[in-house]
Amino acid sequence: MKTDIEIAQSVELQPIVDVVKKVGIDYDDLELYGKYKAKLSFDKIREVEKNPVGKLILVTAINPTPAGEGKSTITIGLADALNKIGKKTMIAIREPSLGPVMGIKGGAAGGGHAQVLPMEDINLHFTGDMHAITTANNALSALIDNHLHQGNALGIDQRRIIWKRVVDLNDRALRHVTVGLGSPVNGIPREDGFDITVASEIMAILCLATDIEDLKKRLANIVIGYRYDRTPVYVRDLEVEGALALVLKDAIKPNLVQTIYGTPAFVHGGPFANIAHGCNSVLATSTALRLADYTVTEAGFGADLGAEKFLDIKTPNLPTSPDAVVIVATLRALKMNGGVAKDALTEENVEAVRAGFANLKRHVENIRKFGIPAVVAINEFVSDTEAEVATLKELCAEIGVPVELASVWADGAEGGVTLAETVVKTIAEEPAHYTRLYDNDLSIEEKIEKIVTEIYRGSKVNFEKKAQTQIREIVKNSWDKLPICMAKTQYSFSDNPASLGAPENFEITIRELVPKLGAGFIVALTGDVMTMPGLPKRPAALNMDVAADGTAIGLF
């Protein structure tokens with residue numbers, strides 16, 4: 001059996017200029033990065049704004065195993081299948097972070113015969129967007145430290161700077177650092193730290209900005225810290241939003257690539273869903289909606305994280321809301337949520353599928369709360385048995401949710417045809433009536449309680465003393481009408497990653513609240529969630545290499 005990278009490298013790529021002609025994009029609309037990658041010009045983005053808006057399909061998942069459940073694979077395979085049945089379709093997904101690529105995932109461009117290509121480029125440096133975001137973020141850090149060194153005219157309290165440096169790697173040693181050591185010429189000594197690039201507010205801003213002017217406005221609104229009198233300091237006070245926008249002027253343009261089957265795909269932006277809002281860029285999604293009849297997009301991790309944030313944070317910035325939500329489930333994840341140990345997930349266990357179904361059922365119920373029809377996609381694995389599949393289909397029928405087996409990893413577009421037909425039928429027969437979970441005018445506490453009690457099904461929210469102080473500060477500064485972006489483990493509805501399935505009557509503790517004024521939301525940190533991940537005992541990097549001819553080895 002071929003590996004993902006072997007399949008990808010066996011495909012004869014089409015020039016990107018030919019791929020995008022299918023959706024009305026011409027050569028002059030592109031800024032090429034070689035033959036197979038391009039950015040879309042702002043002229044074309046503005047030109048298509050007058051076009052009618054197509055149908056939007058959001059792909060999410062149940063609470064995953066550490067290896068993931070194939071959301072990107074299903075997203076890509078579904079789009080290929082929609083094109084196969086005659087529906088003009090585009091993809092809009094996130095670009096991978098090098099941290100997880102080198103860490104546990106080894107790649108994030110789909111899998112098997114449902115991949116975006118060239119996968120090696122996408123998984124590594126791609127068009128340089130991650131580096132531009134990293135540079136803009138760290139340029140701001142350098143400008144803050146220079147301001148302190150040059151006399152601190154703004155009266156910034158160096159103990160209350162909340163802006164951190166970033167790097168696009170998993171590096172736990174950088175979580176807490178001290179800068180400015182050595183001598184007075186090296187700046188003002190202070191405590192600092194690094195986040196992973198995809199947790200940077202600049203990443204979120206890039207993914208929510210609608211044009212260069214909106215980008216500058218959002219950058220100007222970033223809160224970097226506080227003065228000695230506790231008043232906030234914004235990027236606009238440093239007068240550097242223009243310089244930061246300049247660094248990002250190309251990164252904000254959506255990237256175009258192709259699938260194995262030649263479906264045009266936007267791959268742009270990559271915030272994590274457990275520590276950020278977990279969605280690709282508004283620009284890419286909005287543009288795809290105006291170029292194609294169907295746009296398939298995804299939101300990170302389970303529906304409790306990515307989908308909730310897509311619907312409460314991203315959707316209000318889009319020209320339409322999702323017409324259907326596809327919830328990806330695997331029998332191995334259902335069995336894990338049903339109490340089976342990780343080393344026994346490939347063994348048949350119908351009762352564990354029944355027990356784990358409570359997790360999937362809750363996600364279906366939650367999507368319906370937003371007024372959107374759900375479809376379940378079973379991402380097929382070779383270890384699945386007929387009895388397990390039949391049981392899952394029976395359970396889905398009991399709650400009235402359509403379900404289809406998808407074999408896109410093994411069979412490509414053909415393996416997603418029944419899923420595509422079911423999604424199209426669902427959209428036609430069950431019109432969506434989108435509603436947000438909460439009103440932004442509610443208090444910070446009320447919005448968090450809504451998410452915890454209605455989506456997670458917890459019974460109570462506890463706010464640590466630090467969080468209570470931060471809420472008072474947020475209210476004092478009139479920031480309390482922003483939506484909430486929960487930072488929580490992806491493995492459980494609760495803030496305890498070991499509490500699998502469908503836990504109830506648990507309490508969630510909010511330990512910290514971070515205002516992201518540029519992005520336009522407040523991050524609520526729970527449990528032990530880290531904004532700088534660490535590497536596993538055996539990183540995927542140990543299996544990677546490059547051949548003498550430059551061919552990548554070991555990505556998957």
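Including glycine, each Cβ sits where the backbone N, Cα and C put it.
The following features are taken from Swiss-Prot:
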BINDING   Thr65, Pro66, Ala67, Gly68, Glu69, Gly70, Lys71, Ser72  ATP binding site
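On the structure: features taken from Swiss-Prot.
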| residue | record | Cβ neighbours (10 Å) |
| --- | --- | --- |
| Thr65 | ATP binding site | 17 |
| Pro66 | ATP binding site | 12 |
| Ala67 | ATP binding site | 14 |
| Gly68 | ATP binding site | 22 |
| Glu69 | ATP binding site | 24 |
| Gly70 | ATP binding site | 28 |
| Lys71 | ATP binding site | 26 |
| Ser72 | ATP binding site | 25 |
Remaining residues near the recorded ATP site, that is with C-beta within 8 Å of the centroid of the site residues Thr65, Pro66, Ala67, Gly68, Glu69, Gly70, Lys71, Ser72: Ala61, Pro64, Thr330, Ala333
Look up Thr65 (ATP binding site) in the DSSP assignment and reduce it to helix, strand or coil. coil
